[in-house]
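Trainee: One structure, pasted below without further comment.
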Ligand code: KIV
Ligand code: ZN
């Protein structure tokens, strides 16, 4: 069995998904989870892109020790320097340099001749090699690149010291047989290719990202790049959990395996979905809510007789446990602390106290508190940025009648610690609340997206709201969960504004 290395780029390419912006605490928690999941390399960010990204990469490199941590750089010295400084304390750092190689990118974007592109690529790999043993080089838009040119530039960057050659399908254009053939050609025609690992990186614009990744592996790629839940630019990247489970389930067919810990999939997927606000569609392979649901009578009957009739993946394989009923009204602090440890949270004493308080409040309103509820409470508390001055809700009231215009009154404390109260109306209850908040909030705030989901099932399920906002012209996301839909909506809005304040401090 050949081991296929997994290069996770959720924190870089995934974070480039429209509307997604993770704060430093969320990136760190996700990095720790990716380590538990067993990825071989995690691309922690693009250090030259902002001070916040630089700090996040640095913090991750200092914290996560069992995984190689990579930073992305354009083929310019300042980007490489930023990676060098951000990864200074990493145990096993990797520099990832990219430059476009397709005719359209070289002519219109880079405005360089092919010879100039080769020269820059070689010069930058040599420069990076002074600071890094492991240098990955990516031919951006490789799948639309002339094969002879690709062969030539790859040979030169390997001579310059590149240890991994990545051939991205940047715009999700290629087809499996075609992409596989490119890897085969490179393997057969680049004389020094044995000195480097070959890697694939696929986007899903035509829905081919997973199939293309598998085709690359069939033709010699030993590293697969992708993201959790397949998030990423435009239609996203190849979904790593799908790739890993496909290899596992079809190990009768493929002699490949990954080091991923498959029963960490559900938790990793939930975390990514919660932090990014990108809800996983019910029918998504491997992690969708319906992935293990059998609706038709014929299927249900078959599964009852022998689960394998219609179930090729067991929920347990990916960490989905149906019997997750946990704590209730009478559960004490001890049971609660045990449970959160069991769920993999490592919280300081003050946060455990805060979480226990939130849990107790919830048990007043909800009879059965499930793992999903705890996940919502704990991740919110874990990634809370309350050390920053911020808006804090005191209380609110909404007046709604089916024939009247809704009105809302909100009291909160603002970042100057002043208590403020105001009232406004709207065409619905949420709009009335948001109009009131806009009157109170000092920043110029606009709502651009609003999503409401329930956490778990049942009439008393928690509500979770994700919003996208612009705050003083900057796009941010916010989330809030509460038993009441309107409270979740208010919390999500305030969370977005508070995150904008936090980010302003980090930049
Ligand atoms: O899709 C792409 O080409 C990339 C590169 C930066 C590797 O993400
Ligand atoms: Zn990409």
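Numbering starts at 1 and runs along the chain as it is shown here.
The backbone N, Cα and C atoms fix where each Cβ goes, and this holds for glycine too.
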Trainee: Considering the Mn(2+) binding residues 13, 201, 203 given in TrEMBL, which of 66, 229, 237, 251 is annotated for that site as well?
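Mentor: Answer, per TrEMBL (Mn(2+) site with 13, 201, 203), from 66, 229, 237, 251: 237.
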Trainee: What range among 360-381, 404-425 does TrEMBL describe as region 'Disordered'?
Mentor: 404-425
Trainee: Taking a cut-off of under 6 Å between Cβ and any atom of ligand 1, tell me which of the binding-site residues 13, 201, 237 pass.
Mentor: 13, 201
Trainee: Could you list the residues of the same chain, at least six apart in sequence, whose Cβ is under 8 A from the Cβ of residue 203 (Mn(2+) binding site)?
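Mentor: In sequence order, 168, 169, 170, 171, 172, 209, 232, 233, 234, 235, 236, 237, 238 meet the Cβ cut-off.
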Trainee: Cβ within 8 angstroms of the Cβ centroid of 13, 201, 203, 237: which residues besides those meet this for the Mn(2+) site?
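Mentor: Going along the sequence, the neighbours come out as 9, 168, 170, 202, 209, 225, 226, 227, 232, 233, 236, 238.
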Trainee: So if I measure Cβ to Cβ from residue 13 (Mn(2+) binding site) and keep only same-chain residues at least 6 apart in sequence, which ones fall under 8 Å?
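Mentor: Listed in sequence order, they are 43, 225, 227, 232, 233, 237.
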Trainee: Taking every residue in the domain 'Pyruvate carboxyltransferase' (4-266), what is their average pLDDT?
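Mentor: On average, pLDDT over the domain 'Pyruvate carboxyltransferase' (4-266) sits at 97.
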Trainee: Summarise the region 'Regulatory domain' (392-507) by DSSP state, stating how many residues are helix, strand and coil.
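Mentor: Reading the DSSP string over the region 'Regulatory domain' (392-507) gives 34 helix, 52 strand, 30 coil.
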Trainee: In which DSSP state, out of helix, strand and coil, do we find residue 203 (Mn(2+) binding site)?
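Mentor: Looking at the DSSP assignment, residue 203 (Mn(2+) binding site) belongs to a strand.
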Trainee: Given the binding-site residues 201, 237, and counting only Cβ atoms in the protein chains shown, which has the most within 10 Å of its Cβ?
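Mentor: Top count of Cβ atoms within 10 Å goes to 237.
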